Amino acid sequence: MSRPERWTTAVLDVEAPGGLAVVQGDQGFLLDANGVMFPRGWLAGQDLPVQSEHGIGYFEGEPVYLLVLERSVAVEGCAWQGLRQFMLEGDFAVFQMLGYAAQVSTWAREHRFCGACGRATVQIRGERAMFCEHDNLRLYPRISPSMIVLVTRGDEILLARSPRFVTGMYSALAGFVEPGESAEDCVHREVMEEVQVRIKNLRYRGSQCWPFPHSMMLGFHAEYESGEIVPQAEEIEDARWFHVDDLPPLPANRSIARYLIEAYLAERSGAPEPVLPG
């Protein structure tokens, strides 16, 4: 999959003049009728409670910075919108930019102080890292690898729902990779833990950044081998086989979960394969 051209990440010098900025507070990202990117000079005059600033990349060639606020505040003519809403609608390249910004913001908030000694850290110029001088310790943004797998049995697909899902929605099985575990081992383990089913013919299908708050989703397809579905207590509210012509409400169109399902439906029908966003 080719790298997105409209949005590219970079470590920019916050001392450089000009450019645009996105603003994140505890209510999401600031936006107005023109979008989420504001001239840095204009933002400097808004008396915002800025906790930190980061140069995050280029959007259509324009340098973009991130202002992380101590809290969300009212700005005339503007509103706040959560990251998930940007994922569901609008320009996907903007969501990619904001997803990156959100992960940088999470990292900056969580590593203001050293976890070893408790002293304040400083940003390393030209590198996406915080530094504790006392412990000579570099602290990088956290990325949590996780897997998501669509298990199929001919014209049936195995879908499950978590108690956290919106009412009626089902999705593919997913879980986090454990230390010392390969992604493939994780798939087999999670499927067994969540529904007591054995799988075979595992195929990697693609990956997607999932900035809620810092996951990297590794997508797989697998075929059913054996076992009867037994949902994992407290984790899985319901799990069952669905015929491809009679599916329940599914995850958002731009999610890797939806892509895995749509890709299998296309494969069964001979339709063109969908494109995985991101």
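Glycine is no exception: its Cβ is also placed from the backbone N, Cα and C atoms.
Ranges compared are 43-64, 175-196, and Swiss-Prot records motif 'Nudix box' for 175-196. Take the substrate site that Swiss-Prot assigns to Arg84, Tyr140, Gln208, Cys209, Trp210, Pro211, Phe212, Pro213, His214, Ser215, Ala257: the candidate from Glu127, Glu225, Glu267 listed for it is Glu127.
When Swiss-Prot records Ala174, Glu194 as binding divalent metal cation 1, the matching candidate from Glu133, Glu234, Glu235, Glu237 it lists for that site is Glu235. Closest to Ala174 (divalent metal cation 1 binding site) by Cα-Cα distance, out of the binding-site residues Tyr140, Glu190, Pro211, Pro213, is Glu190. For the pair Cys132 (Zn(2+) binding site) and Tyr140 (substrate binding site), the C-alpha distance works out to 12 angstrom. Of all the binding-site residues in the list Cys117, Tyr140, Cys209, Pro213, Glu235, the shortest Cα-Cα distance to Glu190 (divalent metal cation 3 binding site) is found for Glu235. Proximity to Cys117 (Zn(2+) binding site), judged by a C-alpha distance within 10 Å, picks out none of the binding-site residues Arg84, Tyr140, Glu194, Cys209, Pro211. Here the binding-site residues are Cys117, Cys132, Ala174, Cys209, and the one whose Cβ sees the fewest other Cβ atoms within 10 Å is Cys117. When the binding-site residues Arg84, Cys114, Tyr140, Pro213 are ranked by how far their Cα is from the Cα of Glu194 (divalent metal cation 1 binding site), Pro213 comes first.
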